[in-house]
Amino acid sequence: MPNVSPKWKLLVAVFLIEIVAVAIFYGYFRNEIIALYQGKESIWAGVVETLYPRFFTEKYRFSVDFFLQKSEQVLWRVVAISWIAIGIYFWAKIKGFYEKFWQTNTTYHRVKFLQIFLLLGWLYESMTWYKSLLRLSQASVFYEPHLLFRYLPFPSQEIIFYVFALLYALSLLSFLPKYGYIFWFLTSIQIIVFQSFLYGFGKLDHTYATWTYVSVLFGFLLREAEKVKKGDFVNAWALRLMQVVVASVYLQVALEKLLISGWQWFMPETMQTHLFSHPTPLGLWIAQYPILCTSLSMLAVLWQLSFALILFFPSLKVPILLGGVLFHTFTFILMNVGGFPSYWFLVYVIWFLEIKKLPEN
Amino acid sequence: MKKVIFITLLLVWLPFLLLTDIFPFLRFGMFAEPVHSVRQEFFEIYTLENGKLRKFNTYLWGIDEGVFHYLVRKYYYQNRMNEFWEKICLTHRKLYPDNLPQTWQLYQITLLNGTKEKKRIATYAECKP
């Protein structure tokens with residue numbers, strides 16, 4: 001038997017698993033989705049409700065084809081993404097790009113700057129959250145969180161006070177010179193739990209998506225900073241990971257639009273509907289001109305798709321990030337969605353904290 | 001480090017692959033669904049007292065208009081309006097036991113290609129303890 005390397009074995013395994021998954025989907029799951037749509041019983045009802053809770057609301061709005069197309073996409077996304085990931089991995093290995101990519105540095109003071117910057121954002125938001133949670137506690141009967149959070153009851157007003165006090169205490173403890181990163185992770189978990197309470201009433205908010213991811217990952221950077229003396233360089237692989245995650249988010253945003261709506265997303269009605277749903281004077285003016293609506297839709301998706309290029313071509317950093325500032329600012333001006341300044345572009349600070357030079361011995 | 005990178009990327013991409021709404025690893029893209037006509041939908045709740053219809057400020061229950069819209073939509077399209085009404089009553093009775101309106105009316109407002117239509121979708125009698 002020829003000596004096959006583990007990497008090639010993995011490739012064959014991925015290929016076989018995916019063929020089996022595709023066969024099971026078309027031979028079995030597709031029919032189960034149709035049955036669920038028609039209101040028939042299925043052992044998969046609970047799984048669908050957990051993984052895609054909107055199914056049972058949206059099925060009254062869209063035809064069964066919409067959901068079949070959606071589920072087929074899930075399957076093909078897994079196939080496509082796994083092969084793209086494997087392709088990028090092998091390409092990066094061949095080019096020696098992969099190792100180089102993670103080798104980057106920053107300074108202790110820059111890490112501390114990012115810590116304060118992220119915390120200021122959370123502390124500022126916590127004031128609004130505190131009031132919102134107190135208010136929502138009056139209507140806690142409507143609280144329907146997903147997954148693990150369903151085992152966490154909505155806190156009473158008294159408990160809300162104490163958990164916020166705990167948040168501020170943990171935030172301060174994260175500045176300890178040793179083991180501060182543990183308190184940072186605890187702070188991050190608490191922030192995620194707060195968001196789960198806020199979004200457990202059906203309405204999701206994307207305002208803090210990238211800010212949250214970056215905050216969680218910051219714990220790893222803080223851990224690296226604790227390993228060195230104040231004047232030394234800090235291994236900043238976690239900073240790179242934050243950049244990859246933010247770029248992934250933008251890529252997913254664009255792909256989601258294209259995969260769910262296809263070319264329909266570029267039709268003027270799409271932008272017009274969103275502009276009418278979130279009316280502002282300038283947005284309503286633009287909604288009158290179909291050509292402007294289509295152009296803006298195309299520009300938005302093009303920019304979101306191209307964001308990931310920042311990882312491979314650092315020279316594109318300024319135009320891409322500037323595009324991001326304009327994109328989020330105009331989303332706010334045209335639809336009053338998000339805010340100004342947006343946390344989505346404030347997080348771009350992570351592209352300005354690296355130091356390429358290796359420390360001198 | 002390699003494990004952290006792998007797990008992080010898996011957690012970031014998994015919801016996209018599964019197309020789920022699970023928090024905190026949720027979908028990021030707003031407005032991704034296709035639009036076939038310029039249609040908007042809102043829900044409003046009114047109280048009817050002494051023959052006068054008054055729009056109720058849902059903020060008094062701790063729910064702003066945006067959240068209320070999501071809640072009604074969910075319960076309405078899932079045919080769970082009785083449960084919705086029980087929860088509304090429970091909340092209102094708890095907060096304002098001395099102020100229980102005689103009748104409540106729930107309206108669905110649709111804007112389709114510039115034409116506004118207001119339809120009453122439910123009427124509820126006084127919330128009884």
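A Cβ is built for glycine as well, from the same backbone N, Cα and C atoms used for every other residue.
All annotation found in TrEMBL is predicted automatically rather than curated by experts.
The shown structure was predicted, so the numbers you read here are calculated from the model rather than taken from an experiment.
Per TrEMBL, transmembrane segment is recorded for A:12-29, A:74-92, A:113-130, A:159-176, A:183-202, A:208-225, A:237-266, A:286-313, A:325-351.
Within its own chain, the transmembrane segment (A:325-351) is flanked in space by residues 114, 117, 121, 207-211, 214, 239, 242-243, 246, 274-275, 277-280, 282-283, 286, 300, 303-304, 310, 317, which lie at least six positions past its ends and keep a Cβ under 8 Å from the stretch. By number of Cβ pairs under 8 Å, the transmembrane segment (A:237-266) is matched best by A:286-313 from the list A:12-29, A:159-176, A:183-202, A:208-225, A:286-313. With a threshold of 8 Å between CB atoms, the same-chain residues lying at least 6 positions outside the transmembrane segment (A:74-92) that come near it are 11, 14, 18, 21-22, 25, 98, 101, 259. With a threshold of 8 Å between CB atoms, the same-chain residues lying at least 6 positions outside the transmembrane segment (A:12-29) that come near it are 44, 71-72, 75, 78-79, 82-83, 86. Residues 115, 119, 122-123, 126, 130, 133-134, 137, 183-184, 186-187, 190-191, 194, 222 of the same chain, all 6+ positions outside the transmembrane segment (A:159-176), place their C-beta atoms under 8 angstroms from a C-beta of that stretch. Sequence-distant contacts of the transmembrane segment (A:286-313), counting only residues of its own chain at least 6 positions beyond either end whose CB sits under 8 Å from a CB of the stretch, comprise 97, 101, 243-244, 247-248, 250-251, 253-255, 257-258, 265-268, 270-272, 275-276, 320-321, 323-324, 327, 334, 351.
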